[in-house]
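One structure is given below, encoded as structure tokens.
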Amino acid sequence: MRLFRRPSEPNRFGFLLTGLVLFMTVLPVLSGLGRITHALLTEFSLTLLLLAAVWSLTGNRHLFRLGLLLVAATVAATLAYLVRPLPVLVQGVELLSLLFLLLSSGIAFRAVFAEGEVDLNRLAGAASLYLLMALVWALLYSLLHSFDPAALSGLPAPAQAELWDYLYFSFVTLTTLGYGDVLPVSAEARTLAMAEAVVAQFYLTILVAVLVGMLVANRSNR
């Protein structure tokens, strides 16, 4: 039995997975640069990631247009922040990015758990969805921290904290490592952390069960 067949549709999630991996690889490198340069390159990298995510929406014309609209709004808010760095603009960029990533996550979830064979596009979608979860929660932590500076301990003040700081905490929570260097303090932060850990474990458990079931079903149909 061939585990991987040539996908019947373009490998849309391959672009998304590549964009996510590159984005998360570049972020810690950018942290050593000057603050202005870091902000510019981080927002540029995030824009490229969002454009890569748009490609995952090409199967639905309406969602594709909505994705382009959200990306355009994010870029506009980013440019406004670079001209006048107000905290509310940072929150606007993060909120728009969050909405778009949630949209991409929904598309990936639907594709991963749809009926069919296990191909490279499905596996790329599954991996992308896991990384998207980490990025979505990182933005949630960042937004919460900007409204309540005491929500998380072990991080710089919201004005000095970087997206990488929140992404690090998100991955530590997602994988249930729990190093203890960053801690959720407020009830809202603890709820977010608890929800992330539970959702991640449910996702991995259900994903394995579904993929194994698909492989067994595909084998019996051959």
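Each residue, glycine too, has its Cβ placed from N, Cα and C.
Note that the structure is a prediction, hence the values are computed from the model and not measured.
Among the features that TrEMBL reports, domain 'Potassium channel' is placed at 132-215. For the domain 'Potassium channel' (132-215), the model's average pLDDT works out to 93.
For 12-30 (among others), the entry in TrEMBL reads transmembrane segment.
Per TrEMBL, transmembrane segment is recorded for 36-56 (among others).
Marked as transmembrane segment by TrEMBL: 63-83 (among others). Outside the transmembrane segment (63-83) by six or more residues, the chain places 39-40, 43, 46-47, 50-51, 53-54, 57, 89-90, 92-93, 96-97, 99-100, 103-104, 107 with a CB less than 8 A from a CB of the stretch.
For the transmembrane segment (95-113), the residues of the chain that approach it from at least six positions outside its boundaries are 13, 16, 46, 50, 53, 56-57, 59-60, 63, 66-67, 70-71, 73-74, 77, 121-122, 125-126, 128-129, 132-133, 135-136, 139-140, 143, 207, 210, judged by C-beta separation under 8 angstroms. Taken from TrEMBL, the feature transmembrane segment applies to 95-113 (among others).
Sequence-distant neighbours of the transmembrane segment (125-146) (same chain, 6+ residues past either end, Cβ-Cβ under 8 Å): 13, 16-17, 20-21, 24, 56, 87, 90-91, 94-95, 97-98, 101-102, 104-105, 108-109, 111-112, 152, 155, 158, 161, 163, 166-167, 169-171, 173-174, 186, 188-189, 192, 196, 199-200, 203-204, 207, 211. Annotation source TrEMBL lists transmembrane segment at 125-146 (among others).
Taking Cβ pairs closer than 8 Å, the transmembrane segment (166-185) reaches residues 24, 27, 130, 133-135, 137-139, 141-142, 145, 150-155, 192-193, 196-197, 200-201 in its own chain, all 6 or more past its ends. What TrEMBL lists as transmembrane segment is 166-185 (among others).
The transmembrane segment annotation in TrEMBL covers 197-217 (among others).
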Practice task
Six or more residues out from either end of the transmembrane segment (197-217), which same-chain residues have a Cβ under 8 Å from its Cβ atoms?
Solution key: 3, 112-113, 115-118, 126, 129-130, 133, 173-176
